[in-house]
Structure formats: structure tokens, C-alpha cells
Amino acid sequence: MSSTSLSEPSDSLKASGPFFRSVPFQILVACGVSFTAPGMWDALGGLGAGGAAEPYAVSAANALVYGLFAVVCVAAGAINNRIGLKYGLALGAIGYPLYGAGLYTNNVSANTWFMLFGSALCGISAGFFWAAEAAIIIGYPSPGDRAFYLAIWQTAKALGPIVGGAINLGLNANKKTTGSVSSTTYIVFIVIMCLGLPVALCLSPAHKVWRRDGTRIVTERAATWGAEFKAVGKLFVSRRILLLLPAFFISYFYNGFMSTWLTTYFTVRARAFSSFFTNFAGIFSSFIIAFLLDNQKIHIKTRGRIAFCCIITLLVGTWIWATILQKQNYDASESPVFDWFQGGFGKSYALVFFWQFGGQAFQQFLYWLVGQYATDLSNLSHLTGILRGVEALGQTVAWAMQSEGGANHFVSIGINFGITVLCVFPTWVVLSELEGSHEVRVTEEIAKDKTLSDTA
């Protein structure tokens, strides 16, 4: 007996149907959850240390989030295949309001234990969320549309912090000193975060979704729970994934140091401005990279190589820039504090902007790359779970490094620079083997088999 079961609904080749079963609607649902849950989470992070006066306790909480996230996310790819992406997405939305509540209690009463408790629950639920959401965003659209929908998703993720940042800016515009943000800020965020769960339940299962080009969403699920987890383990130690691990690990590593950079050197209102404006960087880079990666006139391997070279050049440049600025800050007679649009603010804030610009482009590129190698939605769920899990492991290390007061910032800068350079060769090897979307091949083979069976 085969260890897998192939879902092949009779209406899977239709190119039309109800709007609520269409790919754009499913992306809208996923983006809605992304806006309300992790979007608001990112908005808090955009304040620097979750809006707190000191970064160390919040950095420890974030390290806990990502540590649990890293473990759960790899397994969640398999679990979501069994329970369905809709319920994986819903499970993932539950923990974010608890994280926000933890930051609120820490802000008003220095209640660290509840912040750590909320962080732990958020880390567990977020593993389900990110594995499910990434599989939806990459797997539901046709291969030729994926980079565009990834850009839409990145925009939705950015809109959360943009709206949240506008709230921050309005509530904290008069705070010219360093310190913590208004407690009202957290309450507004928590209310918005609670909307993620009902929105997630509007998602349609993959076999009911229609694509505009008439191609089907290929879904192949392991017959047992054991087989599902075995498939994840086998994929994790495959040559291609092992080569991509450094890129997965470093892709969001910059976030920890960026938060400390903002908290250490910027006033509250300057951080509020950053939490609002910096997210436009991710939107810009997402659509620029999408235009290139979806350009069918250029061979897929060439598209990937051009995108990767541009991203790495930008990221390496930001860490050289950070080294120069950090030396200037350390050499100053006293640690500088930058208020918005005053001396030194421009060059120090521009670094934050380009960290976000390059970081979001890199993440989108990696999603696109693993999507091209996925053969079906279930395989993609495994891949995205691994990608997000290893990425979270990187963030665990990054945030743990920032949880120690008095740490030398050059250590964080050096590690970011070193691993970014280290990932270039193995990622290039994987790119060099890319000749086309593997899902397209599988879909064509299924269509051919169906034609042969119909004419037999």
C-alpha cells in the first residue's frame, strides 16, 4: 500500500468559481491574519524592545518566543498537513494577544513572569501560524504568480506595523526622551490582535480553491502521522536543505540587533517614527523583487541569481555601514541619543531602513526559492516549516545575544556580516541547479496521466 494519498478533486481543473474559493480571497484571508497578529507584533518590535525602557528583559522574552517557535515550526509543517491549513492558521493566531498582554503588564508593573508566559504561548502558536501561512501564500497561487502574491503578503505584514506605528506616533509624539511608550499603545494592539482568530477561520481548504489558469493545487498527504514526521526528517537532512540552512538562519538575524540599536540610540518618538516609516522599506523591496522573480521572459535561474546578488550586496553594505557608525558611537564622549530629524538622526536611521529593505527582500527570495523546489502543497508545508524553524533558531540566538546588558555591539555586527557571507556559496549551488518549478512538472505529469486514462 502507498504511504501517501493524493487528493484529486473532480473540479480541480476549473478556472472559475465563487470568489470566496479563489486564490485572491485566500491570500486576502492569510494577509488579514498577518496584519492583525504578527503585524501588530512587528509594530511593537519596531518600537525597539517592544516599547520598553530597557531592551534586556524583552530581548530575553523574544529569545524564548523564537526558541519555542524554532522547535514547533519544523513539526508544525507535518501537523498542519493532518489538521488542515485553516486550523493551523487559527491555532497560530491565538498566542499573539497573550504576548501583547505580557508586554503590557511588564510596562505598567514590571511583571516579568507573565511576559515570559505570554511569550512562551506565542512561540508555540506562532510555529503553527508561520508554517501554515507560508504554505498558503506560496502554494495556493500558480508558480508564475508566486512572487507577486509574496509581495502582497509582505505588504500586509508591513501594513500592520505601519498602522501600529501611526498609533505609536500619535500616542508618543511628545516623548522626546528615551524610555517606555504609553500603556494605551499596548491595549490598542491587543484588541487588534484578537481579530486574527475569526479571520483565519474564513480560509478554504486547498482542494476547493480554483486558480485563474486552470491548474490544480497538488496535495499529497502522508497516510499516517508517523509517515508525515518521517517525511519532514528526511527532507531536513536532504542535500539541498542542508545547503540552504545558513541562509535560513541568517535571514532575520538582524532583527535582534536592530531592536537594540533603536532602543539604545533613539528617543521614544524617534522609535515610534521608525515603527511607522521603516515598514515601507519592506513594501518597496518586496514589489521590486517580485517584478524580477515573476518575469517569465528571463530564465528562472538567471532571475534567481540576479536577485540573490543584489540582496547580498545590499546586506553586506549595511553591515559595513553599521561598523562605521558603531565605532563613531563608541568613540563619542557620551552615548548619543537621536531625536527625529536632528543631528545624526538621518545616517543612523537610514541604516535601519536599509536593514528592513534588504531583510524583507531576502526572506521573500528564500520563500520563492523553496517554492520552486516544492512538488505539492504538503511538501511545501514541510519546506516552509523547516525554513521558518531554522530562521527562528537564528532569531533565538540573535535575541539571546541582545538580552545581556553591556554586550559589545561589534560582536552582533560581526556575526551578521560573517554568516551573510558564509551563506553565499551554498545558496549559489542550489540556485545553479534550478531549471524550473517542480510543481509545474508534477502538474503536467498528472494532466498527462489523466489524458491517457481518459482515452484508454
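Here the Cβ of each residue, glycine as well, is placed from N, Cα and C on the backbone.
Per TrEMBL, these features apply:
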{"type": "TRANSMEM", "residues": "23-41", "note": "transmembrane segment"}
{"type": "TRANSMEM", "residues": "61-80", "note": "transmembrane segment"}
{"type": "TRANSMEM", "residues": "87-104", "note": "transmembrane segment"}
{"type": "TRANSMEM", "residues": "116-140", "note": "transmembrane segment"}
{"type": "TRANSMEM", "residues": "147-171", "note": "transmembrane segment"}
{"type": "TRANSMEM", "residues": "183-203", "note": "transmembrane segment"}
{"type": "TRANSMEM", "residues": "241-266", "note": "transmembrane segment"}
{"type": "TRANSMEM", "residues": "272-293", "note": "transmembrane segment"}
{"type": "TRANSMEM", "residues": "305-324", "note": "transmembrane segment"}
{"type": "TRANSMEM", "residues": "410-431", "note": "transmembrane segment"}
Worksheet entry | Contact ranking winner - 23-41, 61-80, 241-266, 272-293, 410-431 against the transmembrane segment (116-140), Cβ under 8 Å | 61-80
Response to the item:
Within the same chain, the residues 6 or more beyond the ends of the transmembrane segment (241-266) and with Cβ under 8 Å of it are 45-49, 52, 54-55, 59, 62, 178, 235, 274, 318, 322, 329, 335-339, 345, 348-349, 351-352, 355-356, 359, 362-363, 366, 369-370, 383, 386-387, 390-391, 393-395, 397-399, 401-402, 409, 412-413, 415-416, 419-420, 422-423, 426-427, 429-430
Worksheet item: Among 23-41, 61-80, 272-293, which stretch has the highest count of C-beta pairs below 8 Å with the transmembrane segment (87-104)?
Response: 23-41
